[in-house]
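Here the structure comes first, spelled out in structure tokens, and everything after it is commentary.
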Amino acid sequence: MLVSARVEKQKRVAYQGKATVLALGKALPSNVVSQENLVEEYLREIKCDNLSIKDKLQHLCKSTTVKTRYTVMSRETLHKYPELATEGSPTIKQRLEIANDAVVQMAYEASLVCIKEWGRAVEDITHLVYVSSSEFRLPGGDLYLSAQLGLSNEVQRVMLYFLGCYGGLSGLRVAKDIAENNPGSRVLLTTSETTVLGFRPPNKARPYNLVGAALFGDGAAALIIGADPTESESPFMELHCAMQQFLPQTQGVIDGRLSEEGITFKLGRDLPQKIEDNVEEFCKKLVAKAGSGALELNDLFWAVHPGGPAILSGLETKLKLKPEKLECSRRALMDYGNVSSNTIFYIMDKVRDELEKKGTEGEEWGLGLAFGPGITFEGFLMRNL
């Protein structure tokens, strides 16, 4: 399902040589999951009648704040592959069979939306950065996407695999570096994710699988990144600077392993606290790169990958942010769930809408943040154009 995007009117001029976001598109699978109906439908399809699990899932569905998600996995998928809902079944082959095709198709659809908004020919794309934690094969989805879009066989490709929730901003950082160091280049960045690899029947020994069932969704996003926009292009965000760091000795807090049954995840209960304890210093380092000591955190617009609602609440409290500052992150979580690497761009799309409504009163500077395995912090200082 393609999601329409539109061209924004430029309000400020980008600094010479700085990478900008020239267009953004997204795509979602056709299967819509309403959180209100999830519990009964999910348990019925996987043939689970455990009342304790039902109660826990109902509680999680309310606490995640998610209202709607989109998934590749459907009733038809489970009927075709019933072993996906069978405990202990070696199903990695079937999962990859579904996921490999699905992630490229969603990336293709998001790219079409993005390229249409951009308004230039596909032949003008010089580089491709392809991000996914949901497929595994050689050659990778970057090659299949290039062929499907009709990109030049000399397009310069980069793949980023299995980064999780911070993958979108990592891809954006790589795209920024490419754009700023290759004059005239235009970089297509795509992110595409599906929960098919991690779908598991509920088990009391694996409580995190229920969190996944209540929180995660599927989808794709695509952006065109380039420096020194032409008259025909309409940049809406300048990528002023990027920063990444990991927290030492936290490798086990977010743990994912590929097995014969798919991907298994473990999430430490101390994740929100670890982020809260370290986020203020990280943000202040980024803000300092704006070259203005007068900027306060509440002077900025914010695009924060939510992970889950506890991370947003902790960050808001720690940084003393006004409630409206994280509204776009909360609405994206509500509308799509946690869509891993895509989520930051769904939020950025909502931020774009809000800044357009504010017009000249909109904030000039903002922060983009995402957190993932490592624990890795990925951040951007951005400028509203």
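Glycine is no exception: its Cβ is also placed from the backbone N, Cα and C atoms.
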Report summary line: Listed by Swiss-Prot with LYS56, LEU57, GLN58, HIS59, LEU60, CYS61, LYS62, SER63, GLY307, GLY308, PRO309, ALA310 as binding CoA, from among LEU112, LEU258, LEU267, LEU355, is LEU267
Query raised in the report: Taking just the CA atoms, what is the gap between LEU60 (CoA binding site) and ASP218 (substrate binding site) in Å?
Result: 19
Report summary line: Check: min Cα-Cα distance from GLN58 (CoA binding site) over recorded positions CYS165, GLY217, ASP218 goes to GLY217
Query raised in the report: Out of CYS165, GLY217, ASP218, the recorded positions in the record, which is closest to LYS62 (CoA binding site) when you go by Cα distance?
Result: GLY217
Query - Alpha-carbon distance [ASP218 (substrate binding site); LYS56 (CoA binding site)] in Å - result: 23
Query raised in the report: Just going by other Cβ atoms within 10 Å, which of the binding-site residues LYS56, LYS62 has the emptiest spot?
Result: LYS62
